[in-house]
Amino acid sequence: MMSRMSKSKLPNIVILASGNGSNFEAIVNATRKGILNANILRLITNKKCFAEERAKKLGISHTRLKDNWAEELFVLLKELAPDLVVLAGFMKILPSKIVNNFKIVNIHPSLLPAFPGKDAIKQAYEYGVKVTGITIHFVDEGVDTGPIIFQKALEIDGLTLEEVEKEIHKLEHKHYPQVIESILNS
Ligand code: GAR
């Protein structure tokens, strides 16, 4: 009873994903370890993806959007009324109706504004940069644009693409839950 009461006082977040879902899982684990004090209301996906399997395993309720995804998402978010919407590899551009009505945060695997869009780790690697990293930012109507909240750099000289991917994901899993926690407390 006590734990249910305290849970209801936590800020509510909704997570949107389209792919592997490793950031989604890291966020869920952070709530269970007390690193992130938030209640995860729902995982929302826009297609069949491994994030959905993780949701089942972790006991988080899940909704997959259909063809009319933007309208459906808008209605769902209105209904859920989360304190924060967290994009974790959600590969769709959100329409202004959604961006203007909800507080939304995104993570991107490069030092924005360099290498926005898909396959950012590979883009940076193939360009030959010596330093790349991660960016966490508020979401606007652009592709990986919006005010930057947090960045962490990573030196990648001498690493293989696979090693860079591994190191970038490690940084994401460590910092995204912490940054979400600080946004919810600000
Ligand atoms: C993450 O690396 C995230 O930064 C990236 O998608 C990956 C999702 O991984 N997002 C973008 O590229 C946004 N433009 P995950 O499904 O394992 O969390």
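Just so you know, glycine gets a Cβ as well, placed from its N, Cα and C.
Record features, source TrEMBL:
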DOMAIN    12-180  domain 'Formyl transferase N-terminal'
BINDING   Gly21, Ser22, Asn23  N(1)-(5-phospho-beta-D-ribosyl)glycinamide binding site
BINDING   Met91, Lys92, Ile93, Leu94, Asn106  (6R)-10-formyltetrahydrofolate binding site
ACT_SITE  His108  active site, proton donor
SITE      Asp144  site 'Raises pKa of active site His'
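Residue environment of the residue listed as 'active site, proton donor' contains 24 other Cβ atoms, counted within 10 Å of its Cβ in all protein chains. Nearest to Asn23 (N(1)-(5-phospho-beta-D-ribosyl)glycinamide binding site) in space, judged by Cα atoms and limited to the recorded positions Met91, Leu94, Asn106, Asp144, is Asn106. Nearest in space to Ile93 ((6R)-10-formyltetrahydrofolate binding site), taking C-alpha to C-alpha distance over the recorded positions Gly21, Ser22, His108, Asp144, is Asp144.
Close to Asp144 (site 'Raises pKa of active site His'), meaning Cα to Cα within 10 A, are none of the binding-site residues out of Gly21, Ser22, Leu94. A Cβ distance below 6 Å to any atom of ligand 1 is met, among the recorded positions Gly21, Ser22, Asn23, Lys92, His108, Asp144, by Gly21, Ser22, Asn23, His108, Asp144. Between the CA atoms of Met91 ((6R)-10-formyltetrahydrofolate binding site) and His108 (active site, proton donor) there is a gap of 11 Å, rounded to the nearest whole number. Each residue contributes its Cα atom, and for Gly21 (N(1)-(5-phospho-beta-D-ribosyl)glycinamide binding site) and Asn106 ((6R)-10-formyltetrahydrofolate binding site) those atoms are 14 Å apart. Farthest C-alpha pair in the (6R)-10-formyltetrahydrofolate-binding residues Met91, Lys92, Ile93, Leu94, Asn106: 12 Å apart. Mean pLDDT for the domain 'Formyl transferase N-terminal' (12-180) in this predicted model: 97.
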